[in-house]
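What Swiss-Prot records for this protein:
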type	residues	note
TRANSMEM	20-42	transmembrane segment
TRANSMEM	55-77	transmembrane segment
TRANSMEM	97-115	transmembrane segment
TRANSMEM	127-149	transmembrane segment
TRANSMEM	159-181	transmembrane segment
TRANSMEM	188-206	transmembrane segment
TRANSMEM	216-238	transmembrane segment
TRANSMEM	251-273	transmembrane segment
Amino acid sequence: MLFVLELFSHYVLHFERYFILSRQSTLLIQWSIVVLAGLYLLVHHPKINRQRTMFLAGVILRIVLLAGVSVELIHQVQSTNFTSAYLREDGKELLPLLHFLLYGYVLLTAFHYMLMPRDHGGKGKFYTFDLAVVSLPIVQMIFSFFSYWKEYPDGMEPIAFVFLFFIITLPIALNVVFFKLYWRTDKILLGLFYTLIIGLLVLLLAPYPNQISKDYGAVMPYTIYLAMAGFLMSYHLFQKSGKVYVRVNKWVTMAVMVFFVLLLNPIYNIGTAAFAVSKPANVHDSFNFVGEHISSEKAEQILKSFFPTDETLYLHDTNMDVHYFYSFESKGYKAEVDEVSQLIRNYEYLQKAHGKKLTNQEYKRKSIAFLERHGRVLHKDHIETKVSQEDGQTVVRIYLKNQLHKKDHADDGAVFYWEKETLMGFSEDPSIYQLDSLLHVHITEQDIHDKVEQMFTALNISKQPYQITDIESDSLLGSMVRVETKVGIVLEFEGESGCLHSLSLPMKKNISMANSRLQHQILSIFDARGSEKKKKSSQGDMVMYTDSSKTYEFVEAQGQLNVYVYSDTPDQSFPYTYRNGTLAYEKVASLYQDVIYKKRMRPIIVQRGDERHYAWLIIIQPFGSNRHDAYVVDGETQEVKSLYES
């Protein structure tokens, strides 16, 4: 039973995890189910006209559902430029509306049909209206096609018009066949109808071979129409089947009603019961930099400060929990902004270059001036600049110079792609900036100096020159500061906590895995707790130690003794049920100022240096915006912190 409840929890969370239904749509569906079920029980009273009441209920239900469609459209219009040309490029903007039609309109009207009397005379009107409503997304596809064709007349392949022909003719043909069968059953037409319905659903929904991807969002308008048409015909045939209908209709109707009420009532349903006992399994997602991520609005401001534009910047992948990097696009350019470091990468200008061709020296000066003009603080004594030609463009690469060892910098540094006087491409690299100017790096040069001095003392190594040779920054993978000494010792520090993450020593006579005294000297550099550390395992070229919070791994590889430190994940499974996650969301919602459009909860591990604890990540999308507000709620204390900077 517990397994079934856990399985059901994951099914319910699927709708949250992928932002399938908005909060407004979910409540509308839930309360409509309850009201229809209650009405079905009431109409059996002898003084109530069952046919008239259920007909009026059907009319009111469809008015309410169209109001729900309007709410979804209002949100989409407010949250993005809702144009046909844009929809043709990124059809995901219509997905919330399509999800509501599939899981709201089709589900609720089907439920209403199940509750209607067999001899009701208004079903034909409802059939016509419902098929017209679920055909609207297909009509939108057709208008979007012609809008895109008008804007990009050379971008259409001949095969696209063949697809357009089928998009237009198939629903028309199915509607004609449907209403012919509604008035008079014909076995040949019935076979043709179900062949088309089932065949098209299999074609649209069955997965293709691995090498071919399928966009289920793009085919959803047809999926909705086919599901509705298939249900209506099956229901119509069921009602016409005299003996079968009389024998099973009452019990089928009651079973369906009870199932949906138990499943979807908004007060206490099967999902609520499942959440009370089931816990997340295999929680591995960890989050750093809590309180330091930037919002999509801040990212857009940063991008526009570098590349001013009056055009709308579209934010892609708005269904993601956390972006890690924000991907924007306009007609003029596209670019990404890292959610933590606030650095720009993969900028690409999409229009023609202008101006005149400059000299290599002028391109160098323009590149450095561009960074300084936008507040970047270069480490001028430690950078080099290289100019090359690629595909007719002048490429300027600014990288951190390794003063101790020769290194190929072909893929390092900030890179500029110039064509004439136009910047056609650009990506930043934090390594070329002064350490104290990087907002996401919390270790100072003095901290690094102290740790290097501690290493020299602990290992009895004479002091020698060292330098920062690389700074990595990635919201998904974390940040790292790499330091190298003249003799090839490499230290890597975590950018957020400033802790030493790894140490690499060139193998020598006294530096090897066999030297147990050396192992303890190295552990002291990592500040391992002396009274608690113990050897966990030893095999061949690897030795592991642990203390109360960390694991230290010694590995010999390619002439180097490498030492890595890991913060131990708590041994126990995630200790909180999904009900605790719901309470965490309710606490966040009580403090939230805007109208909540969609929400999602996700179990995570919060990490900062040695500290690791379980928490809930609560994602909220406000109504009328594609912004995501993220909050971290401590699993034990229920303390709420915003993931984004204040």
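Cβ atoms here come from the backbone N, Cα and C positions, even for glycine.
Note that the structure is a prediction, hence the values are computed from the model and not measured.
Contacts between the transmembrane segment (20-42) and the transmembrane segment (251-273): present, as 3 or more C-beta pairs lie under 8 angstroms, all at sequence separation of six or more. Among the recorded stretches 55-77, 97-115, 188-206, 216-238, 251-273, the one sharing the largest number of Cβ pairs closer than 8 Å with the transmembrane segment (127-149) is 216-238. Of the candidate ranges 97-115, 216-238, 251-273, 216-238 contributes the most Cβ pairs within a distance under 8 Å of the transmembrane segment (188-206). Within the chain carrying the transmembrane segment (97-115), a Cβ under 8 angstroms from the stretch's Cβ atoms is held by residues 15, 20-22, 25, 28-29, 32-33, 36-37, 39-40, 54, 57-58, 61-62, 65, 68-69, 72-73, 76, 123, 126, 130, 133-134, 137, 217, 220-221, 223-224, 227-228, 231-232, 235, 252-253, 256-257, 260, all 6 or more beyond its ends.
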